[in-house]
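Asks: Structure in structure tokens, see below.
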Amino acid sequence: MDEQEIQRLVEEVSLQYFGMPFLHKAMFNSRLRTTGGRYLLNTHNIELNYRYYEMYGKEELVGIVKHELCHYHLHIAGRGYKHRDKDFRELLKAVDAPRFCKRMINEEKGKKVYMYECMECSLQYVRRRQINTKRYVCGKCKGKLILIKKTS
């Protein structure tokens, strides 16, 4: 799906569910990480997360578009467009738009796990962050720590 297709989709959804035209720009924003989309108050444009389209398909994207169009049309009309406003929640129900988008399935960034062992008492420590073994000692017996295993 490219920029023209997303623009056309937003315009169609706006006419179909809201009965009003969408007169601004809709685009994908690759910098969005944790949100499905956002409505920009200054420019009245809508930005959408392309990864949601890749992961969940067109149905989820249409739901996100409906949610952002609720912000858009209420803001243009001068009514309550924020998530906590009654007008916004009522319009969400009327057009069957989701209040929140699905959670993004995170691509794990290779979680590193460091395992240290005390040379005196053999107590093992599992940490996500590397520690300076010259500076830190065992909390139980004050023995020297050594790195046993590093998994990534």
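Just so you know, glycine gets a Cβ as well, placed from its N, Cα and C.
Found this in Swiss-Prot, in case it helps:
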DOMAIN    7-148  domain 'SprT-like'
BINDING   His67, His71  Zn(2+) binding site
ACT_SITE  Glu68  active site
Asks: At a 10 Å cut-off from the C-beta of Glu68 (active site), count the other C-beta atoms across all protein chains.
Replies: 24
Asks: Relative to the Cβ of His67 (Zn(2+) binding site), which residues of the same chain, six or more apart in sequence, are found under 8 Å away?
Replies: Gly36, Gly37, Leu92, Ala97, Pro98, Arg99, Cys101
Asks: Validating a neighbour-count step here. Other CB atoms within 10 A of the CB of His71 (Zn(2+) binding site): how many?
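Replies: The answer is 22.
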